[in-house]
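Here is what Swiss-Prot records for this protein:
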{"type": "SIGNAL", "residues": "1-24", "note": "signal peptide"}
{"type": "TOPO_DOM", "residues": "25-309", "note": "topological domain 'Extracellular'"}
{"type": "REGION", "residues": "25-114", "note": "region 'Alpha-1'"}
{"type": "DOMAIN", "residues": "209-295", "note": "domain 'Ig-like C1-type'"}
{"type": "TOPO_DOM", "residues": "334-362", "note": "topological domain 'Cytoplasmic'"}
Amino acid sequence: MLVMAPRTVLLLLSAALALTETWAGSHSMRYFYTSVSRPGRGEPRFISVGYVDDTQFVRFDSDAASPREEPRAPWIEQEGPEYWDRNTQIYKAQAQTDRESLRNLRGYYNQSEAGSHTLQSMYGCDVGPDGRLLRGHDQYAYDGKDYIALNEDLRSWTAADTAAQITQRKWEAAREAEQRRAYLEGECVEWLRRYLENGKDKLERADPPKTHVTHHPISDHEATLRCWALGFYPAEITLTWQRDGEDQTQDTELVETRPAGDRTFQKWAAVVVPSGEEQRYTCHVQHEGLPKPLTLRWEPSSQSTVPIVGIVAGLAVLAVVVIGAVVAAVMCRRKSSGGKGGSYSQAACSDSAQGSDVSLTA
């Protein structure tokens, strides 16, 4: 069954963080933990990354030459040595907890010691414009499949299978949900509000997308129109194609929003159109950085390959970012969350990072 690692006691924030500030829209904080076993090649690798909204701000990698939590955003660098020391110790303890969990999970599923397995967890909270909690998250996955998750009421668990029910019974007996709820309703919100205040110049910004439409002949009879949105923040954006004013959702190829490597995002949407009918199609772009939605058409005279080169370079940067992060969403299905930044949140509670009190261990 699962065993509980000792919960790390976190310093509470000062009363100066009383609910006085307000922010535009909702905001989120997420921590993603990933542990990957590698039989015959040493201890499992443990990686943690933290996000506020769509911005990664901290990272820890047990494979680093000197494993330590590192800043990934300028506004977090102002935290003092105690912050980094405390979080580093939390992550090292969590790495050990996850090692035990991986061993037990292998037993739950009757798996051999030869294969590599992945344990992922995500936790965090969403706050509204008034800085109050909208929703908390605490979820786990094993080998890319849901394992157990804290329900929206923050009082009960949902187990994905019979193995996870072992964990569920253990946590219910230990009243683990109460501890998670206390963190999510308290410290998680307080730390998120602190980060929003310290990083407001970056986190509250709204960089509008740079947009254009490109034309790619397929044959004598068809061509692809691709609508590009580049360099925008935050990540939430809407791209739609219309033909004579009617939405072409079913016929649109839409890629997921992807990081550009410079703390902004990219996205495109494409439709295949009959040659000669390109001007009947319009691309519509909505983003909070735009004073009003944009409507674009392909302009034959302005066709250029330069933006495409920029995209290719950006995607190359993206590949490096993704490989380096090995974040929790590698094999976990993303769960939808209310608020910016998506979700798949875990019980590590310190952001300082809270150490997950749970190890999936017997």
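Keep in mind that glycine also has a Cβ here, set from the backbone N, Cα and C atoms.
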Secondary structure content of the region 'Alpha-1' (25-114), with strand meaning DSSP E or B
31 helix, 27 strand, 32 coil
Give me the DSSP three-state residue breakdown of the domain 'Ig-like C1-type' (209-295), ordered helix, strand, coil.
6 helix, 50 strand, 31 coil
The predicted model's mean pLDDT over the topological domain 'Extracellular' (25-309) is 95
